[in-house]
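Colleague: Relevant sequence annotations retrieved from TrEMBL are reproduced here:
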- Cys227-Cys239: disulfide bond (DISULFID)
- 1-18: signal peptide (SIGNAL)
Amino acid sequence: MILQFFILICCQQALIHCQLNLYSTDRTMDDTSLQYDCLFYRVRHEKLAFQELSNIIDNTIPYCFRPDNETEMFSSDLTNLSDRIFTFDELRRHNITTQQLLSWSAPIDLVEQYQFYLDESNSSLSLLSNELFYNCTKPWFGLRCQYSFEFSEELSIYNIVEAEFSRKASYSESSKMLITLPCYVHLKCDRGGPLCLDWREVCDGRVDCLDGGLDEAFCFDVEINECSETEYRCHNGLCIPEEFWNDGIGDADCLDRSDEIADVAYPRSCFQDPTFRCEEHACRMNWHQFPCGDGQCVQKFDKCHNGRHALLIQSMALQGDMSNNCWIIMICLTMLNNEVNGISCESWLMNDSVIKFLQTCEIIFQFPIIPVHFGHIRLLYERPYLKFNQSSFLMPDYICYDQLHCDCIIPTFFHRNLTCLHSYRLQLHASISGHPWIDMILEINSYFSSCLILHTFSDKKAIYHNYSLLHHCQNSAKYISKHRIADENKDCCMGDDEDNRLSCLINDKYRVKCPNQSICLSSLHSIHDCPESQNQYHNNVPFHIFCDGFEEHFFEDFNGQSYTDESECNYWPCNNIYSRCDGFWACPNGDDEENCHPKVCPSEMHPCISPTNYSLTCLSAEQVGDGIDDCLGASDEIHFC
């Protein structure tokens, strides 16, 4: 992680008083690593974890300079000449200790060298006697006093990191906030726009690099990876020690979080959280989400707090070879953005020239000009001016795809070198979530889920010697890892990988065995996901649910006798310490809410919201349970509602 999260100022005055000891300043000790001049951020305190539980976070995180190559390393001659310099020999003669050097923000490597120098029997003759120590004047620190931070008060590295992350604001579409995010630079990747590759997008089954798909090259080797008996296999094919699986302490150990119960709570705050649980975690592949680049995962085109979704939209809004008028009006009619060239779409669409703008488009054209999903799903429009409706989202006419990866989806339309379906085959909707692009991508996810790049083909099968690890998809040349059977993802286009009859053929002790059934669900599931109701007695029902007047849970004992959470409640008084004065009627006549303080109504009267004017009234006891709805929601007739 580059020190881009801080404003690190080289040779510029600032006011700060703290101890900042750099690590890895001596690059001669490890010339194989490019990272150097590191500060270690140690965090150990309670933070919100999985399932909204509190958990002790204990991380030590290095923040280093990490250039792309040796030629980009900072010059070692960069020095703050205003500070005094001492040799080791001078320090020894002044009885300076290593503890003093540490308190003066001396680098760790230099302090260790000085201690080694002091331990030598004849220090005055040592080769280290002429080594230099730069006594930095605060706020400067570093091997040659070349660094300082832009903070006015005395802060430790812990406080600096916490302050920098806590002041990050959630992205606002109107803020014009500069979006700067780390990129994975070890693969050449052209995404067709300003959005760069995040490491979480490597081997996620979706081609992101449009110039060769290197982000998904050789990834099937991970798919067929097997773990040892003492390891748990994460859903992405990587392994962790089995004691880390479902250990219940809140944080996941698999990169894709597949070793813990699915949860969406804490990743929302990842834009302000530098710890491993965000920075070192990817999105769950079976949720088909878009990585924000900091641990947050959202539906594609939904909002990232750090603004990465805006870079996605900018990439989708590229003009390419489209005429200017066609490009402008398509951005607005498809609601991809709310303004073009600084003019709001509301203004563009008020113009009487909308039809004329659409007529400048080709008869059949692609928009956006790059794939919208999976690296190969494209949208085609045909004569949109004939069906233009200013008040509704402009749906595509055709959905095009790579037939190599969707080999058993039968096309209904061909255009140039594109294989397509008529869009009505997908029953696209644009009004479910309130965001038309999210709705459209969700439907594309569902229909084309078997087109992810998580397979190999029959002509390449010979490469993989252990055929028992592979499942051959029906009516297809594809082979997938058997670990993808019954994982709630349709990896084969016929859906045969989700056939429960195959689910127990895998020798995997972490699979969920459904009671009294030959069904073994993926470890992504729990026993509550078993299809039959026979396992419902395993559900943990909160104690206060029993005998509360509402039948919510159904059970079956080992003799086949059926019960509900309201069975045999004649032995259970409705007016008890759990239901007394909790604001809800547990007794049909409301006795459990009688004589509560403060009193809303007199004795023998019950609070009642009028269904006609929504005012609070008091209902007589005779009108309770008489078969007539006197209160809003029939709260006085709980036996009938």
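Cβ atoms are placed via backbone N, Cα and C, with glycine included.
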Colleague: For Cys239 (disulfide bond), name the DSSP secondary structure in the helix/strand/coil scheme.
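Modeller: Cys239 (disulfide bond) sits in a strand per DSSP.
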Colleague: Can you see whether DSSP assigns Cys227 (disulfide bond) to helix, strand or coil?
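Modeller: Note: Cys227 (disulfide bond) is coil by DSSP, not helix or strand.
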Colleague: Just checking, which of Cys227, Cys239 (disulfide-bonded residues) has the fewest C-beta atoms within 10 Å of its C-beta?
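Modeller: Looking at the disulfide-bonded residues Cys227, Cys239, the Cβ with the fewest others within 10 Å is that of Cys239.
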